[in-house]
Amino acid sequence: MITEKPTIASSLSNIWACRQLLMQLWKRDFAARYKTGVLGVAWAVINPLLMLALYSFVFVSVFKMRWGSGPDVQGNFVILLFTGLIVHAFFAEFLSRAPLLISSNPSYVKKVVFPLELLPLMPLLGATINLGIGVFLVSCLLFYVQGSVPLTIFLLPLILAPYIVLVVGMSYFLSATGVFVRDMTHVVGLVTTISMFASPVLFPLENVPENYRIFLYLNPLTTVVVQLREVTVLGIIPDLRVWAVYFFISMIVFFLGLSWFQATREGFADVL
């Protein structure tokens, strides 16, 4: 019997049809991360706070770095720095797990009829919750330092949506490739580290010579870091043309990643 290869449309339809199963996978994955710890889910808040304290000490107290001018220059630096860090943390957390999402679940591939399109989505809930906690902490810091939060923060979903779509597309590509190339986990670890220093996570984009900024925009983190800072901290409406280009690229990456996943899925069982 010849079975048709799944198409992009059928895959998206399958994900929607199996959304209840996906919710169960998300809940189990999120619970498994914290159930063995004494503090449990509290680590989801403790981790970003520790990260904030560490980077603030290193960059503000040790290196005496500043961002902008004014009486709250140190506080603003901490907030702007942390905004970039939470964007990178989502990227690193999601993609570091992607290469093992299929190979670490061989029973789903071999023994049961299972919608494999769901596996690359497993880190989505936990990573998104951590991102949301980070944004909440940024809002609290803003209120503490500046006494208010800009109304442009309501544009936050508009900024984050294409970023999440792009990272999911990369997850599909990496999870499929990781089945055949076992070194992919090491490659991803290196790439996520480089991505932090090759984007304005730790420094303002304005510090980079204009001739070199185009290279930073090749990094998928750059646009979202800049625009997230604009809407959450600076109270600036981002350039919609830049957002539109980023959205278009995100959709291309998503569809290419899912297409690669569907093209290679028949070989998963042979390798595992």
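Along the chain as shown, residues are numbered 1 onward.
Cβ coordinates are placed from backbone N, Cα and C, and glycine is handled just like the others.
Straight from TrEMBL, the features:
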DOMAIN    39-264  domain 'ABC transmembrane type-2'
TRANSMEM  41-63  transmembrane segment
TRANSMEM  75-98  transmembrane segment
TRANSMEM  118-144  transmembrane segment
TRANSMEM  151-174  transmembrane segment
TRANSMEM  186-203  transmembrane segment
TRANSMEM  215-237  transmembrane segment
TRANSMEM  243-261  transmembrane segment
**Study point:** Cβ contacts under 8 Å made by the transmembrane segment (215-237) with residues that lie 6+ beyond its boundaries
**Key:** 76, 79-80, 83-84, 87-88, 91, 135, 138-139, 142, 149-153, 155-156, 159-160, 162-163, 166-167, 170, 195-196, 198-201, 205, 208, 243, 246, 253
Check your understanding: Under 8 Å, at least 3 Cβ pairs, sequence separation 6 or more: does that hold for the transmembrane segment (151-174) versus the transmembrane segment (243-261)?
Key -> yes
